[in-house]
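I have placed the structure first, in the form of structure tokens, so that the comments after it can refer back to it.
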Amino acid sequence: MRKIILCSPRGFCAGVIRAIQTVEVALEKWGRPIYVKHEIVHNRHVVDKLREKGAIFIEDLQEVPRNSRVIFSAHGVPPSLREEATERGLIAIDATCGLVTKVHSAVKMYAKKGYHIILIGKRKHVEIIGIRGEAPDQITVVENIAEVEALPFSAQDPLFYVTQTTLSMDDAADIVAALKARYPRIFTLPSSSICYATQNRQGALRNILPQVDFVYVIGDRQSSNSNRLREVAERRGVTARLVNHPDEVTEEILQYSGNIGITAGASTPEDVVQACLMKLQELIPDLSIEMDLFVEEDTVFQLPKEL
């Protein structure tokens, strides 16, 4: 019998839960409005619900009235933005994911030691912009192997590398291998800077791919980790669609006769997953549902001390 295989874990990670709760608790404690620098997480459903509750999402701190509260998003911010907030008398509350903060701290420490930092990631992504701000003159961003091959450093130069927390493990491994081939003495952290949730969601998806011929990744198109999930499937020859609303689950699926995999990015609410699942069952009523558990997650991050 044809079936839907639901990946587990999927959806919200500990950092996303903490970030959303930070905004919700701030609104409960101080009332509206609460300003948020950038979308708190990259998911339109989450942002719209928080906006309805009184959150105001801004990209420029000049939009925030003096002496107001502003929350920094889960993706992190450069030190210059923290300084600007202080200069403008803003009360900053930091919802940066702890695993992103770990990368900031490592970059800052190794830059002070005189290393040049190779930062693997998407240079326009807000997380990379924040990390690069820790030591802009000592950081080079690389997105692919070609950019590794173009690096101007010698094998003797003191180099340190880290990655964006939401990268594809496949792509990161290829880039790291190229880096180590050129620079055998390059340093890094003892454990991967790709976060546990990214690794788990990609691992869970890889686990089911031999059993399916089509995958729905439920997530926002702006979400890095959701896009990487789609790429994980496509890299292994499985058709994948990134959807963020049940209306995007279309009759296209009727062209496929095999099992269907479903996963969700780390900023995707479970109710959106369930709505997409219901739409799929309307299109193909005789589908059974099977849960595939890859690993249990029990990570919890404490809310900022101000709350």
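We count from 1, first residue shown onward.
Just so it is clear, glycine is given a Cβ too, placed from its N, Cα and C backbone atoms.
Since the structure is predicted, the reported quantities are computational estimates derived from the model, not experimental observations.
Here Swiss-Prot flags C13, C97, C195 as [4Fe-4S] cluster binding site, drawing on sequence analysis. If you look up Swiss-Prot, you'll see H42, H75, H125, S223, S224, N225, S267 marked as isopentenyl diphosphate binding site. For H42, H75, H125, S223, S224, N225, S267, the entry in Swiss-Prot reads dimethylallyl diphosphate binding site. If you look up Swiss-Prot, you'll see H42, H75, H125, T165, S223, S224, N225, S267 marked as (2E)-4-hydroxy-3-methylbut-2-enyl diphosphate binding site, on the strength of sequence analysis. The active site, proton donor feature in Swiss-Prot is assigned to E127; the stated evidence is sequence analysis.
Here the features listed in Swiss-Prot are placed on the structure.
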residue	record	Cβ contacts under 8 Å, 6 or more apart
H42	isopentenyl diphosphate binding site	H75, D220, Q222, S223, S224, S226, S267
C97	[4Fe-4S] cluster binding site	G15, V16, R18, A19, A74, H75, G76, T165, C195, F301
H125	isopentenyl diphosphate binding site	H75, Q164, T166, S224
E127	active site, proton donor	H75, G76, V100, G121, Q164, T165, T166, S224
N225	isopentenyl diphosphate binding site	T166, A197, T198, R201, G219, G265, A266, S267
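Secondary structure from DSSP puts T165 ((2E)-4-hydroxy-3-methylbut-2-enyl diphosphate binding site) in coil. Excluding H42, H75, H125, T165, S223, S224, N225, S267, which define the (2E)-4-hydroxy-3-methylbut-2-enyl diphosphate site, the same chain contributes V41, E127, T166, Q222, S226, G265, A266 within 8 Å (Cβ to the Cβ centroid), listed in sequence order. Taking the centre of the Cβ atoms of C13, C97, C195 as the [4Fe-4S] cluster site, the nearby residues of that chain (Cβ within 8 Å, site residues left out) are A14, G15, V16, A74, G98, L99, V100, T165, T166, Y196, A197, T198, A266. If you compare every pair of Cα atoms in H42, H75, H125, S223, S224, N225, S267, the residues listed for isopentenyl diphosphate, the longest distance is 15 angstrom.
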